[in-house]
Structures are given as structure tokens and as C-alpha cells.
Amino acid sequence: MSVYRLFTVSIMDMCVLKANCKDPLGFTVEYTCVFGISSPIPGLHGGEHVNSYGEGVCVITFHNKDGRVFWFIIEKLPKKYTYPISPRFTPQDASEFCGRLADVHVFNDVTVGHLWRNRTVVSMNALEEGLLSTWSFERMVLLGDSVHKMTPNIGQGANTAIEDAAALASLIHQMINPMTPQNASKAAIGHLFQKFQDLRMSRVQSTVQRAHFGARFHTRDDHLKALVGRYIFPYVGNLVMARTVKVIGGGHKIEFLPPPKRSMPWTAQTDHSQHKMHGSKVLWAYLSHPDQHWSDDPRGTAQLRSQSLGTHRTSTVGRTLFIELVIVMIDVVYARQDIGEDVNAGVKDMAVQSRNSMRFLPYVLSYGSTESLLAAGWRQVWVFRLLSYLFGALLGL
């Protein structure tokens, strides 16, 4: 638990706080993580990011431009803990943990053993998860991990804390701005803190839910997640990345400072309708040109590699049909997590996404039939691609 949150809660208790404070210890632990930094490893290239999914364990790596590898190995614990009861780990625990998983593949021939042997920094911690309903008391306010904690699977823990700070700074600046002076009384400050929580709660709740789902999806927590993670996600990495970027783009910024110049403009300045591609369109493009990278935004993509342990990309009719049909489920899973701000940023609701996915089913069948001909010996690939374009045009893709 954060020292600051513990201190605030103790003051609340001493003052016999009458406000709603039902969850002062509301964090749970279901996963553990070994975090490390390693020197460059052959096969893991700078600027790339790898997600490797397995049974009960996943490996996430980020590689900087100099080749250094930042990595997380996340494993589900045998039991669930509720704070303040939480497991603690030593360097010896981390060594035994990585030794037990040394042969687990990260990407191609790279294994956990390579990460461990090249380590320069390593630590092992329990991963707390949760979102508290009370963020402030009188003139004290909490933000970041002190009120919302998540696993690192979607990489938004620190970003969410930074967004908290930006939103709070903007509200404080608004209060003390000489052009619009406001009374900084105890009541006014309490109102400001409540406004801050109300402003952030919806987005933070969505982010915590996405991280919660991500941890369980990456570790194949049930049969459905295992099915999609093993046979679908290795083929739609850019689609996932594009949607993730769209969600991140809706973050709160410091309102009284101009946005820095970047290659990508701020979300509020971007017309998403100019470069929107639905999931079915991305797959159609991928199937027509499997050697290309595809993204929602034509201005460029990052290199993301997704690997499901034990999966090999063999071109079969059954695999193709299966991948195309399950895209309906992928759209629905993402749409179920949409909130108001996502819709405003250009993410369609579940009904529209499902309808667009179902429109894609006729093309699925046509593609499968065409690949059957190819498998039977009809090797004129240009004919296959012509048919792909034709069916795509007929369906308005």
C-alpha cells in the first residue's frame, strides 16, 4: 500500500470520516511479476515489442534503440490475496522463478534463459489490482498507484498516474489563475478534488478493466482466451496496436500548456474519420497482402511482434476460416469495453461493430473456397488476389 494513502486513511479513521470510504484496503493480488533489464540479445531488435502468451504465464519485452531489453514475466499465483495479506519475494525467489521458466520461448529462439543470463537489473513483486472509490479527504488528495493499481500487461500504470497529475494540475491552475480567481477555501478545495475524481474516474476505470482483462488473456485464464490468444492474435497484431493507440490518444493533458510538437497530432486535433479502418477491412487487406503491415493510421506503424507459444503459421483452409469467423468475437470483446470517451474518439459501439463484422462473413466463405483451389494445385496467385479485390469491392470493403 502507498505510504501516502495509508497516512490519509489513518487520518480519516481518526476523524471518524462520515463520507463513503468502503475500500481503504481494496486491492487484490492474483499475479506475480519478475521485472528486469537485460543487455542486447540477438534476435530482439531495437524498437520492437514482443508479447508471448502461455499457459498461466506471459512474457512482455520492450527493446530500446540501443538494444537494451526491458522485460516482464507474469505468472498467475495459486491463490488470490486481499491486502494487507500479500506475498513478498526475495532475489532468490526471482532466481528460482526464472530458472523454472528458463526454456520458455519469448520469440523465435530467444528464451527466458537468455533474458536472465543478460540481466543487469531484476526484481520480483506481487501485482496488486484495484480501483478505490475515495480519492481525497479535506485538503489531501491521492493519485496514481495510491488509488488505482493494475498489471503491466497494457503498459498504462505510469501513464495513468501522469494523466492524473496533468488533470489535477489543470484544475489547480484554473483555481489560482488571476484571470479567473476562485475562493481557495476548504469547501472549494474539496469541490476541486471531487471534480478531479469525477473527471478521471471513467477513464481510469476503463484502463483498469482493460489491464485486468489483458493479464488474464495473456496468461490464457480460460479456454476461450486460450483459443483466441493461441490461434488469432498472432495474426492481428497491428489491429490490436491501432486500437490501443486510439484509446491512449484520449488521455488528459495539461490544459494551460501547448501540446508539444510530435509526428502525430493530439487526439482533439485529429479527424479519425480520415483514416478509419474497421477490423474486417484490416483482415481483408491482410489476407490480400499477407506480407504487408496494416494499421488504422496511414502515417506509419510500430513494429509489434506477438507470439503464442507452440503456434506455427501454416496456411490451411481450416485455419483461415477459423480466423475470419472469430474476428466477430474480437470486435465484440473490444466493443464491450468501450465507454463514452472511446465512442467520442471514434470507436464504434458493439452493435455497429458486430453488424460490420457479420457483413464480412460472405467474403470469409469466398476466401476459404479460393484457398481450397490453391491448395488443390491452382497456383495462379494473381487470380486469387483479383478475386479477393472483387469480393471486397462487392461488399463495400
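Just so you know, glycine gets a Cβ as well, placed from its N, Cα and C.
These come from Swiss-Prot:
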- Y53: active site (ACT_SITE)
- D145, A158: FAD binding site (BINDING)
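Structure coloured by features recorded in Swiss-Prot.
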residue	record	DSSP (3 states)
Y53	active site	strand
D145	FAD binding site	helix
A158	FAD binding site	helix
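It is 26 Å from the Cα atom of Y53 (active site) to that of D145 (FAD binding site). Each of the binding-site residues D145, A158 was assessed for Cβ neighbours inside 10 Å, and the highest tally belongs to D145. The 10 Å shell around the Cβ of the residue listed as 'active site' contains 24 further Cβ atoms across the protein chains shown.
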